[in-house]
Every structure is written in structure tokens, then in C-alpha cells.
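Trainee: Input: one structure, supplied below.
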Amino acid sequence: MRAARRAQARGSTRERPGRPRLAGVAFLGLVGSCLVVATGGRLARQPLAEPPTTWGGLLNPVSTDSMSVLPALLIGGIALTLAAWVRAYVLAESHRLSARAGLVLLALWMVPVTFGPPILSLDVYSYAAHGMMLATSLDPYSTAPVALPLGSPQITAVDPLWRSSLAPYGPLALAVFRAVHTLTGGSLIGAVVVLRLLTLAGVALVAAGVLALAAPQRRAESLVLAVGNPIVLFQLLGAIHLEAIMMALVVIGLVAIRRGRRTLGLVLLAAAAAVKWPAALAAAAVVAWQLAPEPRPRGHPPATPPTPPTPVAADTPATPATPTAGEATEAPPLARRLRTALCDVAVVLLATAGFAALVPDGLGWLRSAATPTTVPTGYSPTSILAHILGRILDAAGAPRTPDHLLSLSQALALAACALIIARLFVTISSRPVADTAGWAMLTLALLGPVLHPWYLVWGLILLAIAPTGRNRLVVLGTTLAGSFLALQQCSLLLADHPEMLRWVRSNGPVVAVTGYVTAAALVIAFRQRTAGTAGWPAAPGRSVPGHPGGPDDMDRLVSAPRVGDDVTRARVASRGLTVPDRDELVHLVDQRPAGAHQRLQVNLRRQRLPDPAGRDAQPVVHGSVLRGQEVAVVAGGHDHDELTAEAEHQIGEHAVGPLGQAAHPDEVPGRIATEQPTGPRDRVLLDGGRKGAVAGDSHDCHHRERFLSAIRRTDRGRPAGNGQIPSA
């Protein structure tokens, strides 16, 4: 029995896709990666930049005098990779792709990118130039790479656009550049290879951290969304951007905090900010958590020392075992919260000072942090807003200056960004820390003065940790649009049509908006197509691919998504029960980490509305389901009753409710919490998974005996007893 439970907790009961289907996804992504590697390096090469090697012809120059098919091949390769990525996510979301198979799949896609040349960007050569500058006693914060000896490979390979620019990177990044230069003996090719290996290690750490933070039943989904993301694949690993190292430190820092090693986690977050400063938002989110004044639901740790692990992921935070189920713990006194937050700030500041000491001018990045804003990006929201304002002024016949309009739009966007981030921090206790940090960093990337596609991973990786509801849609939509940004020399497709090329260049924001709208439409279509089936087990009498089900299941079984799903407009059909399209699934959050001997105690309560006597809701039934089983709440129309799902936190042999059920001494119950309140016309139904379920309809809710009888059954027809849901 226990072996079966452990197997279920590991997800071994999930069905795997057939080999042909998985092989097709792997082949599609591999072909896309090869196309991008074959074309991305050549198109990224600038006329006045000379790479140290042609990399076997993959960096040969491209003629700009006539039309070329290379941009079409590049776009096609990205499209193929996106299609494979979405398909892999669907397989993972529907439990047909395990985390282990996902790792193998993503590793296969990374092979050509890892061994290929730098693609889509020349920033890696700027990194090497800054390392050489530090090694020769030049300060990259006050001197540009153009100060290097004329004719040196490090300066000739740098993009001419950035040869006269100061380094915007943090002191830890510059220290890494200097160490790489020293390690490779000044070899530019060696520096590129070592930086590629560091980037690969960063991506691997991101994968490990995501697997550690994600809910056990959602690890494959989180892995595919976060690491298989084409932006991560091509813009981080392929282009060798520092975001790989930065996000690795952020994710591993959050893992350390969740496991109770708070000081180490804060130091790692400070290290991430010492690579690129936007990571400071993650550290700020952790500190802001301690200052949250709202009462925290059980499962959110108090801020008093010793500080328990902070819930950094939506589905797997570590939970103190003190309050009773469904209760809210009062926030610690303000003095305690301030003391803990000040200690956290002190740790971050001390770590930052230590990293600043690694280079001569450790705080010089404060002066040069705005370097990327000197070159506007036409597809950024700020540029689009400036374009719209310009068109309005032109229609009104008012004079305008493009630079002034751009400055105005950037100021407005930064103000909006500050307000949004402030709102996120004020309401931080209502969501996991990783979500808050992810939304804040993604907001900064989108509303900053400039936008580069690799900036998007600041938030996408963190949001992919809990790929539920809005997080999932934002990751999919942003990746779909962002994968096609900053592609070099796509104008070669229109080289033989100068008039069309001039129109595209003068209306770049219009083209960008068209692409964004198209991406949003595709995501909406994907959501509508998968809302009713993706990740849902089969209802009795019908079959959903990848999920078991049949007429032998419970009479009143309600098909439901996994814990954490948030699927709207879904139709759930079972014998005698239909949830209308307009009804929504209430989002559930599992507030404890999974374990082989952990059990989820579910308390289903019914409350008649109105209740003149003001009596508390009386328990209808208590049930118990294993962590790996599927538990969800479905809201459906009801005229008289309101059902709410509450948690019973029981440990050891403590009795569970009026049924007198006792948990096994080795089994520690967990917790469910609804993030959306149910209304007076809502009906809450709990589904405990494949082998048994806590389920019912309006008749069951009015007749307790029938309800208890229903949950004592399994698909094998044996009684479970005392309302307990068997695991096998």
C-alpha cells in the first residue's frame, strides 16, 4: 500500500505519450533549433564587426544588396520551436510528459544551440571586452571598450553600436568577465566558450530550481514553460546573455529561502542583483513579505524568528503546523515585522557591499545603468505610445518633436511601472513571493524605456513556477510575441521592394502592435480549445485522451483539474450533473510540500443562506486524499446552499471531525485553500482523484447519508470506510 502511495506521489500513475508522438515533438524542436543556429549567427553579424572565427561558416557575412531567404529560415525555425514547445507543454499539462522525459527533450533541443556560435546578438563580445578592460586596469564604468588597443580582437568583434558605451552590468558580472579573461589567457574564442558554458550551467540551475519550487504534480509543466521557452533557448543560451546567470541565482536563492536557509537565499538574491540590477526586485519582494500587515492564511509563515521557509511558490510552500484548518493567523506585531525586515535588508546590503568590492569602482553601475536606454527599440510599449501620440498631434496639426514624445512616453511608462510594483508589494501577502517577484520584474521589462526579448525572462521564469490561470496565459502569450523580437536583418526579405520596406520602417510600432494582437488572439484560441479538456480526467462513461475513466467510476464523479488549475468556461458532464459554460473553476492552492506519507484532509461544509440564527456551517463530510491525487473545486449554479472548502490541519492520530477518522501516525495532512470566494449561488464539489472522490450534487448535499455513501465507494466497488479516500 505504501509503495503504491509513493509511486502515486512520484507521479508514476500518469500516462506517458506514445513514442511516436514524443519523437515528433522532439524532432520538430530539434529542426527548429538547427535552423535558428544555422541562420541566427550570420544575420546577427554587423558589417563593421569582425568575429574571431567564422565557426565553420555559421558566421559568414550576409550580402545586404539583395533579398535573402535567411530571415525566412530564421523565422521558420523559431516558429517550429514554438510549436514544439507548446505541444510539449500540452503533453506535460495533461500528464503525458514526465519531468524526466521533459529534461531529455529540452536537452536534445539545446544540443545544436550549445555547440553553435553566438546567435541573435553580439553582446558576448562586449562581455569579453569589459573583462579585458578590467584585466588591463581600465574601468568599464567610466571608460568604453573603444579605449582598448586598436586592432585587438576584443574591440573589433564588439557591435559598433556599443563600442563607445559604458558597462551597465553589476560588479559581480564584471568580476566574472575578468576571471574569464584571465582563465583563457586573453583568447576571445576561449572567452566565448567559457561564457557559453557558464550560461549553460545557469540554465541547468534554473531547471533544478524550478523543479524544486514547483508542485510535484506540476513539475513537468513548470520545467517546459521555464526552461524549454524559446526565449531562454535562443536569447539566453544561444546569445549568451547574463540573464541566465542572474535568473539562476534568483531561483536558487528562492529555493534556499523556502528550505529555511534565509540568509543564504538573501545573499544569492543580492548576488543576482550584482549581476544585473533588476534582480533586486526579487530581494525586495522577500523583504516586503515580512512587512505584510494583513492577516495571513495558515500556510504563510510568521515573520518571527526562527523564520520558517517563506512560501515562494504557489503550490509547495513549507507550512508551520500550528493553526487549525481554515483559520487565519494574525500578523506578528509591527515591531517584530520591522525587526525581521531590517535584518533582511542588512543581509542584502552587506552582501551587496561585498560584491561591490570585487571591482575597483563597485558602485559605478549606478552611473551607467541607463546605458541600454540610449538606443530605443521600436517595438517597445514606450515607442508604440510615442508613435500613437505623434499621430494624434499630426492629426491635430500641432508641432511635435519625436525625442520629446519618446521621453514623455518613457516617463509615463515608468510612473505606471512604479505604481504597479507598489501595488504588488502592498498586496504581497495574497500571493506567493515568486509570483510577486515575477510580476514585478515582468512589469519592469515591459514598461521600461527599452525592451529586449531577453528581458522578458526576468518574469517568465518565475511565473512558470506555478503555471496556473493567468500565469500560464501570460507566459504563453509573452513568449509567443517575444520570440520574434530583435531579429536581425529581417529587412532583407523586402530588399527588392524598397517602397514596402520604407513603409515598414516608418510604421514599425504598427507592425509590432499587429504582432502582439496576433499573439494574444492565438493564446485566446488556445485557451478556448484546451479549457474543457486539458489536464482533466475522464468523467464516467466518456474518455479523454491520456486519462482513465469509465462507467465503473463513482456515480457522481465530477471531472476536475489538478490542484492549482484555474480553467474557466469549462463544461463538466457526468451522470446527472452539468456545469454551465459560464461557471468557473475556483483556484486551489496546496499549501504544503508533498511527501510519501502526507495526506490531504478535506472538510466539506454546507451553509444555508440566509441563516437567521447565525450558526456556523456544519460539516457535511470529511474525506482524505493523497497529495498526488486530483483535488479541485468546481462552482456551479445553486439556489439555496453555499458550500465552502476548508482545511483540517491534523497531525498524527488526531481525530478528523465528527466521523472520528484518525490519520495514520506517519501521515501528515496538508491543506487546501480557495483563492476565490464562492457566492450564494455556487456549489462546491471536491474530487479526490482516480481511485476515489469526494463529490456530490444538489441531492447529495441535502441528503448526508447518500453523500457519505458516495464517498465510501471506489472504482473497485470496495468500501473505503469513515469517509477516507483510498490511495490504491
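From the backbone N, Cα and C atoms, a Cβ is placed for every residue, glycine too.
Remember, predicted model here, so these are calculated numbers, not experimental data.
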Trainee: Looking at 561-581, 624-644, 708-728, I want to know which stretch TrEMBL calls region 'Disordered'.
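Mentor: In TrEMBL, residues 708-728 carry the label region 'Disordered'.
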Trainee: Any contact between the transmembrane segment (341-359) and the transmembrane segment (263-289), i.e. 3 or more CB pairs below 8 Å with pairs at least 6 residues apart?
Mentor: yes
Trainee: Under 8 Å, at least 3 Cβ pairs, sequence separation 6 or more: does that hold for the transmembrane segment (473-495) versus the transmembrane segment (69-90)?
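Mentor: With 3 or more qualifying Cβ pairs, these stretches touch.
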Trainee: Would you kindly list the residues that approach the transmembrane segment (21-44) from elsewhere in its chain, counting only those six or more residues past its ends and only Cβ-Cβ distances under 8 Å?
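Mentor: Here the qualifying positions are 55, 58-62, 70-71, 73-74, 76-85, 87-88, 91, 97, 101, 105, 108-113, 116-122, 228, 233-234, 238-239, 487-490.
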Trainee: Ranking 69-90, 188-215, 405-426, 438-466, 507-526 by the number of C-beta pairs under 8 Å to the transmembrane segment (102-120), which range is first?
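Mentor: Comparing 69-90, 188-215, 405-426, 438-466, 507-526 against the transmembrane segment (102-120), the winner is 188-215.
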Trainee: Taking a Cβ cut-off under 8 Å, which residues six or more beyond the ends of the transmembrane segment (263-289) line up next to it in the same chain?
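Mentor: Residues 169-173, 176, 242-243, 245-247, 249-250, 252-257, 303, 310, 341, 344-345, 347-348, 351-352, 355-356, 365, 369, 421, 424-425, 428-429, 433, 436-437, 440-441, 444-445, 455, 458, 462.
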Trainee: For the transmembrane segment (236-257) and the transmembrane segment (188-215), does the number of C-beta pairs under 8 Å, pairs 6 or more apart in sequence, reach 3 or more?
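Mentor: Checked: the transmembrane segment (236-257) vs the transmembrane segment (188-215), in contact.
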Trainee: Near the transmembrane segment (69-90), which same-chain residues lie under 8 Å Cβ to Cβ, leaving out any that are not at least 6 residues past its ends?
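Mentor: Cβ under 8 Å, 6 or more out: 25-26, 28-29, 31-36, 38-40, 42-43, 62, 97, 102, 105, 109, 221, 224-225, 228-230, 233-234, 476, 479-480, 483-484, 487, 489-490, 492-493, 526, 530, 534.
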